Structures are given as structure tokens and as C-alpha cells.
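Presented below is the structure to which this report refers.
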């Protein structure tokens, strides 16, 4: 009997086990089928969802992006963000009944949001942003009573905002920005007591701003920018005391700004781009929490209230594009944290108040297109951080303050269309970071200062419509970055300098309406980027160079020069000459050619008679007129100078592989050795040979896997030549921005490049004795070998410095877009200057954009996007598609902006930077580096799912951190 009882017990236990197994297997199978149906509706899944395989891997809880409950084994979270997935969202999504979170952002999913999503009643988090979804927002979403976060921004959704969204009791974040939604904002939405974030910008919404908007007692973010809202700002706006960001800009809102707006406690108030009228309420001056006040592009009238000077925490004040009158209040000089002041395009009168010189953090001052008179106050030069100064289109007079030479951070100076007079100060040539100088439309006289040729970062130079005389400086040939030169409508004489032929980046050369004479230099045909040439109405003579790149210019470019001849001006040069002149010209040409031939033969004979021998390191013998070849590493000893010249055919142009601001780079390939890169420096004779050689020997002693080795150098009649390792994949600049880029850089490769460059720079800063500062970190100075290992280059211009000192640069001052503003202001150099530049390189790697492009500054763009919570929109598509963890991208953005903090003391060291980047490298590292074009197949990564990198609160904190530290 006892045995029977025992057997019954065993059968009961066995039955319970079977029941539990069946109970657990069944839902797994159902959810597994749902996941496979979801996969089937996607495209571009080949390399992304390899482990989603119900044949070889039944454990779907281990599939990529799938997270299950530890007890029930039900799918509770699905994260397939930023995988470049196409196709549609399957209706099988509704079969995942226990789903609590789904993130499909950053893909290319089309189609409609399936109604079946309403079956996932446990959903608390939904992010379908940045896809190609279209159609209406399904009403079934209102069934999701647990939903707290709904992000559908950056799609193509149409139709109205469903009023049923108001039935979701726990909804805290609703972001529908940048779609094509129409209709009005449902009034019931304003009665959701828990709603904290409402983003509706960039749609086609109509209606008015409801007085009920202030019923949202928990709302801190209200953004309806860029819609078609009409009506007025409700008087009850002052009751919206929970608002921190209020943006109703770029709508059709009319009327006056209500007085009650002064009761708000917002940090950002954006009303720009509407049709607001009336005066600026003085009560705004009492809004002490304001960091950004933007009332621009309206129809506001009256004076600027002096009480705005009380806004001591405001960093940005935009009042441009209105009809404001009166004078600029001196009280604005009390806004101690002001970085941006834009008062342009108004009707302001009077003088520029000297009190503005107290704004030590001022970055941009724009007073253009007003009716200002008088002088520019000299103490504007006290604004040490000033980067852009624009007073175009006023009635200012007098001379340009000589103190402007102290504005080391200034990159944009526009004094055009005023009544300035006197000579152009030579001191302007000391503002080393200028990229735009516009003095056109004034009464400047005298000659053009030769010092302007020292502005090596200058992109635009406009001196037109003045009373300048003298000649066009030959020093303009040093403006290696220049794109536009306009000196038209002056009284310039002399000839066109042949040195202008050195300007490889020039796009427009405008010299018309002067008194320039002589011939058009043939050297201008070397300016291959030249697209606009105007030399009309001068006294030029001779033949227009018959080169192909001159055929692009219209005949009008040459009109008004009666002694010019050529097909372009309808005057054929040759046939009209008398026979005697033809004979004389032929005779002269023959004699000149004969003389040149004789000189060449003598030179060749002398050159052949001298056998060049390498000089070992340390030797000081250097015969006059001979070549000195210095070997720094023995692997260079197999080369002789004659060999190098023979292989490169005396540095023929066809061996050129790159240009720099101060050098040309050639490739030398020998059958008996590996290729080397030859850098030919423009400045052939440094002032101190011994110092020059000592620096090169110091640099040549550096051996590190992330630093390009200097193997030797030569002082020769061909110039000063430096011999480096040849890097197969060129520079990072070439791969990111070059016109012929052949590979795509995935995130893993970019991270590898960043780590390598950081380790190389950390070695220079911390492991060299004396320590070494690079001074010109930029993407074009980060070279890549065949395995995309980064190596820092251009150490021919670096300097070693004592461990307790900093060094003020006298050779190279960096490159525009990468220059540390503090270095530009003080000319004092330390490691923090390199760290700033490295931060810009990180931004290039993340965004794929140039540091400076068409006057747009990458760093400023990212800071602006940080203010708007849109930083991640700047990420390069090749990064977002191949990075498995978007948190790594965000951390790298943070690191880049820490490196570029305005205060150098707040920047990390390169050792710290290197450690952070290394922490982002997958562990253990893959055995084989994937090609840059694709992610290694079969590689498995677990994706971070922490709330600190996925919630909007992270973006808010990110914005606040950056705003506090960088603005």
C-alpha cells in the first residue's frame, strides 16, 4: 500500500514537471514565431539579425536585441535601434503581449504603425523615431494605459493628433516632432496632469495656443516651433510656472507679448519668426532664470528696455530682424554671461556703448544694418572671447581701433558699408585666426598693408569700393587658405603679382576697375580652383593665357583693357602684327631659348659631377651649395639622395600625393625597399639651421606605433626634404572628406582611429622627455596604415619644450577650426591646446563633417544642437548604422565637448581621454579587424539598455552639462 502511495506521488510530481514544461514552452513558441514574423517584415537584416534563427537557435531570449523576463521567460523588451533596417513593422508585434519596451529608432522602416500595437497592453516605452513611417497615428495606441514614453519624431506621419492620446493616464513624454501632422492640438491633451515633455515642432498644425496649456502643471518642455499656429499668446501664459523651455517660434502668431509672460520661470523663451508687434515688455528683465531670449524676426517696435541688463544669467540675446528704435542701452554691458548679442537689422541709432567692452564672455556681436554713428569703442578689444564682430551697413566713421590686434579669438570681422576712413591698420594682420575680413564700401585710403599676407587662415578678403592705391601685395601669395579676394573699384596700380599663382584654393579673384597694368601672369593658370576671374577695366596688355582653365571665364571678365588680345576679347594677337615685329619677336624668343638651354646644360654638368653621399647623424659638414642627407634610422641608409631624385624624377608633379599649407608630399617607391613619403617644405632656408636640425633629430628619436617615424631629412637645392613612413590609406581627412574616398568608415574603425591617435598624443604629452606638443592636431595630420592604424604626423613643425614651461608658437599657429581659442588669445601653448584640437577631430569622426565648411563651424553647430536636444541628429549615417550601442556615441560626444571646453583647466589630459576611448572598445577585441565597409559577420554584441542613455532626461542633462561648461 505504501508502495502504491509512493508511486502516486512520483506520478503526481512527474505530471507537475511536464505541466510546467509545457506551460513554459508554449508561450516561448508563440513569441518565437512572432519574432520570426517581425524579422520577415524587415529588409537589410543579413548582417544584423544573424542569430534570429528558429532552426539552429530556439532560445530567442538570447537573440540580439531581445530581452526576456528571468522568471516567465516572456519577451519584455525589444531594442533594434540604429541597425539600418528597412521594410515595415509587422502586425505580429501585437502577439508580444508582455512587451514593456520597444525601440526601433534610427532605421529606415516604412509603412504604417500597425494597429495591433494596442494589444501590447504592458508597453511603457515606445520609440519609433527617425524612420520613414507614414500614415495616421493609430487610435489603438490609446489602449496602452501603462505607456509613459512615446517618441514618433522624424517620420512622415500625417493626419491629426489623435484626441484619444489623452486617455493614456501615465503619458509623460510625447514627441511627435518633424512629421506632417495637421489639424489642431487636442485641447484635452492640456489636461494631462502627468505630461512633462510635449514636442510638436516641424509639423503643419493649425489653430491657436489654447489658454488651457497652463493646465499642464507638470510640463517643463513645450515646443511647437515651425507650425502654422495663429492667434495671440494667451494672457494666461504667466500661469505656466512649470515651463522651463517654451518655444513657439516660426508660426503665424500675432499681437503683443503679454505682460504676464514675465511670471514665467523658463530658461529658454523662443518667440522668433512670428508677427508679434508692440514693445518688448520691461517685465522680461525680471526673468532671472533666462539663459536664452529670442524675440528675433518679428515686428517689434520701440526701444530696447534697459532693464534687460539685469539678466545676469542670460547667455544668448537675439533681438534682430525687428523694427526696434532708440539707442543700444549701456546697461546691456551688465549681462556678465552674455555670449551672443544680435541686434542687427533694426532701426537703432546713436553710438555703440563702450560698456559692451565689459562682456568678457561675448562670442558674437552683430549690430549690422542699423543707423549707428560714431566710432567703434576701443575697449571692444577687451572682449577677449569675441569671435565674430559685424557692423555692416551703418554710418560708423573714424579709424579702425588699433587695439583690435588684441582680439586673438576673432575669426569674422565685417566693417563693410560704413564711412570708415584713414589707412587700413597693419595691426589687422596680427589677428592670426581671421577667416573673413570685409572692409568694403568705406573710405579707406593708402596702400594695402603687407601684413595682411600673414593671415594664413583667411578665407575671404574684401577690400572693394574704397580709395586704396599702391600695388597689390605679392605677400597675398602666402594666403594659402584664401578662397575669395575682392579689391575691385579702387585705385590700385602696378602689376598682378605672379605669387597669386600659388593660391591653390582660390575660387574668386576680383580686380576690376583699378589701374593695374602689365600682363596677365601665366602663373594664374596654376589656380585650378579659380571659377570667377574679373580683371575688367584696368590697363592690362598682352596675350590672355591660352590655357583650358581660362576658357571658363566670360569675355566680360576682360573688357575695358584695350591692349589685351586673345579670342576672349575678340582680338586675335598674332596675324595683325607687322612682319618686322614678328621677326623681332621670333629672334628674341630664339635667343632666350638658346640661353636657357645653355644654362640647363651647365647645371646638369655640375650636378652630375658631384656624387652625393649621406651624412650620418651628428655630422656637421655641409659644403656650400651641396646636398646634406641626414639618416636618423638605419632603414633609411639604403637610400641615397641621387636614388631618391632618380626615382621621383627630381620630384616631378606626377609623384605628388598631397598638399599642405606649408609643404608638398611625394611618394617614392623603390624596387629594393618599401615606399617612403617625402615632405618638401616651402620655407627652404630656416633662419637657424642648427635649431631646425636639432628639432628634426629630436622628432626622429620618437618611436611609437601611433606616430609616423621620421627616418631622415635632406637640405638640398630642391628644398628641405623630410622622409617619413608611407601610409597606404592616406589621411583621416581624405577618408572623411576627400572627393575620391573609396571606403566607408564604420564605427569600430573610427573608434580604432580615435584610440590610436589618442595614444600617440598621450605618448608625446606624458612619456617623452622633454614633453612634446604637436601644435597642429587635425584630421589631415592623422595618417592611416594598411590596417587603419592611426599615426600622428607633421612633427617637422612640432617643438619639444621643458617640463615646466609653455611655448609661444612662432612657426605654425594651427589650423582654422582646430585652434584652441585660449591659445589664439594668449599665444601661449601647452598640452591643453592639443586636447582642444583632438576634441574637434572626435567631432569629425562622429559627424563626418569638416571642422569648418562654408563658414560653418562644426564645434558651434554641435553646441547649438546640444541646446536643442538634437545632438544625435548630427551623427554620420555610417556611424549610426554600424554602432551597436548608441550610448558609446553619446559618451564620445561628451568626451569631445569636454576636450573643447572653453577653460583649458577643465579639459581632461590625453591619458584620461585615451582611457575613456579604450573603455568603449569591445572586450574581448575581435580577432580580425573588419573592413571599414561592413561589420564583421557573426560578431555578437550585447547592447546596453540603461535608461541613462535612452531617456530624454539624459539629453537634458547632456545639454545642461555642455551649456554650463562650454558656453
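A Cβ is built for glycine as well, from the same backbone N, Cα and C atoms used for every other residue.
Here is what Swiss-Prot records for this protein:
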COMPBIAS  936-946  compositional bias 'Basic and acidic residues'
DOMAIN    651-921  domain 'Protein kinase'
CARBOHYD  70  N-linked glycosylation site
CARBOHYD  79  N-linked glycosylation site
CARBOHYD  228  N-linked glycosylation site
CARBOHYD  239  N-linked glycosylation site
CARBOHYD  310  N-linked glycosylation site
CARBOHYD  334  N-linked glycosylation site
CARBOHYD  379  N-linked glycosylation site
CARBOHYD  414  N-linked glycosylation site
CARBOHYD  443  N-linked glycosylation site
CARBOHYD  462  N-linked glycosylation site
CARBOHYD  469  N-linked glycosylation site
CARBOHYD  534  N-linked glycosylation site
MOD_RES   640  phosphothreonine
MOD_RES   648  phosphothreonine
MOD_RES   724  phosphotyrosine
MOD_RES   763  phosphotyrosine
MOD_RES   818  phosphotyrosine
MOD_RES   826  phosphothreonine
REPEAT    74-97  repeat 'LRR 1'
REPEAT    98-120  repeat 'LRR 2'
REPEAT    122-145  repeat 'LRR 3'
REPEAT    194-216  repeat 'LRR 6'
REPEAT    218-240  repeat 'LRR 7'
REPEAT    242-261  repeat 'LRR 8'
REPEAT    265-287  repeat 'LRR 9'
REPEAT    289-311  repeat 'LRR 10'
REPEAT    313-335  repeat 'LRR 11'
REPEAT    409-431  repeat 'LRR 15'
REPEAT    457-479  repeat 'LRR 17'
REPEAT    529-550  repeat 'LRR 20'
SIGNAL    1-27  signal peptide
TOPO_DOM  28-585  topological domain 'Extracellular'
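With a threshold of 8 Å between CB atoms, the same-chain residues lying at least 6 positions outside the repeat 'LRR 6' (194-216) that come near it are 153, 161, 169-185, 187, 222-237, 239-240, 242, 247-248, 253, 952. Counting every protein chain shown, 17 other Cβ atoms lie within 10 Å of the Cβ of residue 310 (N-linked glycosylation site).
If you compare Cα positions, residue 414 (N-linked glycosylation site) sits closest to 334 out of the recorded positions 70, 334, 724, 763. Taking Cβ-Cβ distances under 8 Å and a sequence gap of 6 or more within the same chain, the neighbours of residue 228 (N-linked glycosylation site) are 204, 205, 206, 251, 252. With helix defined as DSSP H, G or I and strand as E or B, the repeat 'LRR 6' (194-216) counts 5 helix, 5 strand, 13 coil. Residue 462 (N-linked glycosylation site) falls within a strand when secondary structure is assigned with DSSP. The separation of residue 443 (N-linked glycosylation site) from residue 469 (N-linked glycosylation site), Cα to Cα, is 12 Å. Per-residue confidence over the repeat 'LRR 7' (218-240) averages out at a pLDDT of 93. DSSP gives residue 443 (N-linked glycosylation site) a strand state. Here the repeat 'LRR 11' (313-335) is broken down by DSSP into helix, strand and coil counts: 5 helix, 6 strand, 12 coil. Residues of the same chain lying 6 or more positions beyond the ends of the repeat 'LRR 17' (457-479) and with a Cβ under 8 Å from any Cβ of it are 411, 416, 424, 432-451, 485-503, 510-511, 516, 815-816, 855. With respect to their backbone Cα atoms, residue 239 (N-linked glycosylation site) and residue 379 (N-linked glycosylation site) stand 43 Å from each other. Counted with DSSP, the repeat 'LRR 10' (289-311) comes out as 5 helix, 5 strand, 13 coil. When Cβ atoms from all protein chains are considered, those within 10 Å of residue 818 (phosphotyrosine) total 26, not counting its own.
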